[in-house]
Amino acid sequence: MTRDFDVIVIGGGHAGCEAASAAARAGARTALITHKLATIGEMSCNPAIGGLGKGHLVREVDALDGLMGRVADQAGIQFRLLNRRKGPAVRGPRAQADRKLYRAAMQEAILNHRNLEVIEGGVSDLIVEDGHVAGVIAEDGRQFRARRVVLTTGTFLRGVIHLGTQRIPAGRVGEAPALGLSDRLYGLGFQLGRLKTGTPPRLAGDSIDWSSLEVQPGDDPPVPFSFLTTEITTPQVPCHITRTTAEGHRIIEDNLHVSPVYSGQIEGVGPRYCPSIEDKVVRFRERDSHQIFLEPEGLDDDTIYPNGISTALPEEVQLAFLKTIPGLENVVMRRAGYAIEYDYIDPRELRPTLETKRLGGLYLAGQINGTTGYEEAAAQGLIAGLNAALAERGAEPFILDRAQAYMGVMVDDLITRGVSEPYRMFTSRAEYRLTLRADNADQRLTAAGIGAGVVGERRVMAYEAKARALEAARVLCDGLRLSPTELARRGLKVNQDGVARTAMDLLAYPDIDAGVLAGVWPELAALEPHIAEQMGIEAQYAGYLDRQDADIKAFRRDEGLRLPAEIDYASVLGLSHEVRQKLAKARPATLGQAARVDGVTPAALTTLMIHVKQKRSA
């Protein structure tokens, strides 16, 4: 049996759900093929969404009418805005999520999605015709045809679970790995590597002595992810904090020989910024304790996720170590932690649309590209799914650059620099983070999403209403003006320099907000809280943003010089052999991308720019 679609998405995880939804929203007849319908939207590791850098990605996915932010708002049982004491540019929204509620909400969205058909089954092979993907073959022999296929295989490509000395072929606990696809991709010439990630043991909440632990409450009121969410209605619960001990570290040290991470059993490289507890103990021997966050997995499930102690030690060693932790002296371990090793493809094989250079019509998103994290996967899924749909109807691709979005930063990092370890997003990766804030993701991206046809009517209306409210607030704040003397009479002390100040000028002062100014100008009290907050942020950053805008214009000049796709770097006189090799492998699309290839010097860029301009004028 053969069936035809415009876009086929393989995998029902975070990348796959966003890819399928984006393609369907953009008008493509879309199929999502996944091993089990019941595991669509599964949170395979930690029960949380967002964080520093990651929360920015969730807001950007939401600004483009993606699913993750709205689903997290429905499932969130504790919300916290991280870095609240720092500037708005580096604040990151984060939420603990009830696993069951998250999965149920995502399945509700996917299974009832317009233009989207969900098909249960594994995929064993790609159909390739004349150097272009033409569909997929299911494990049971069914064929599904499409000229655009998005692979979002997560940790399933030749996945192997490691627990002590045990090696268990699996893509996730209890689920078989994808073997045929790995072989097929290798046969097509893709460069595959191995990475690994890990997860901590799961604990029985009723076996923990909560009275001895530090409580970590959420924000009140909670700050939602989605620009469409007006209120969080799910009950909120606290997390708790404890620490490892020197005794526990000794147990780990004594058993490193049976840790697959240190015995040589695992070949893949793990995430630098989410190390196992074995790695922490070995790399930071001077520390006698490490912080652990005890995170609830659900409202009606007392399973606890101990964030910070990912491990693949044997089960009996894990339990012995756990019992040395304050509050866990009598803990019951419901499931042991483990490491999982899997194949990924060098992301330098990709175009900015996340289509592979090697095989037309094939798009990759998520951990198959060497990233780690739900949020990174979701963002890539949206980009890949949307571009697959746009390509199918012959429309312009949807490409975000480093000055537009964290999504643009991530994709650019992946396709120009590649990965040597699992890639995760941080605010420090973005050069223009004053502009790329979580609070303004809709202002930055929703209009572009509307232009690409991926944004629904409800969000269009909300976006336009907010844009009107922001513009009205700017006009109001710029129009309210008083002299220093008049301000002093009203209790606001500013320099008596004779220069009148507007409400917008005053909002730049660290101790003045719209609430304070409402005592001077009562009309400001009518501003909605999120609009008033936006005015304060814009005022606070005004001078800095002017300077950053100049930097962005310079960046765009470099990005504007496109490099010919057929350029022969061996013929560019003045480039070193090393630089020629690196540029030939990366195939950057612009001079700006070439600048971000490791090892390419400013002198090499000048040489390359002169060469390209001479060729064009010849």
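Glycine is treated like the rest: Cβ placed from N, Cα and C.
Gly11 (FAD binding site) carries neither a helix nor a strand DSSP state and counts as coil. The annotation FAD binding site is assigned in Swiss-Prot to Gly11, Gly12, Gly13, His14, Ala15, Gly16 on the grounds of sequence analysis.
Sequence-distant contacts of Glu278 (NAD(+) binding site), defined by Cβ-Cβ distance under 8 angstroms and a gap of at least six in the same chain, are Ile252, Leu256, Ser259, Val261, Tyr262, Thr311, Ala312, Leu313. Positions annotated as NAD(+) binding site by Swiss-Prot, on the basis of sequence analysis: 270-284.
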Looking only at C-alpha atoms, tell me how far Gly16 (FAD binding site) is from Lys280 (NAD(+) binding site), rounded to the nearest Å.
32
Determine, for the FAD site, the additional residues of the same chain whose CB lies within 8 Å of the mean position of the CB atoms of Gly11, Gly12, Gly13, His14, Ala15, Gly16; present them in sequence order.
Val9, Cys17, Glu18, Ala19, Thr34, Thr152, Gly154, Gly366, Ala377, Gly381
Looking only at His14, Lys280, which of these binding-site residues has the biggest number of Cβ atoms within 10 Å around its Cβ?
His14
Cβ-based isolation winner (fewest other Cβ atoms within 10 Å) among the binding-site residues Gly12, Gly270:
Gly270
As a test of the contact definition, list every same-chain residue at least 6 positions from Ser276 (NAD(+) binding site) whose Cβ is closer than 8 Å to its Cβ.
Gly198, Val261, Gly270, Ser310, Thr311, Ala312, Ala339
Other than its own, how many Cβ atoms are within 10 Å of the Cβ belonging to Cys274 (NAD(+) binding site)?
19
Specify the count of other C-beta atoms within 10 Å of the C-beta of Gly11 (FAD binding site).
30
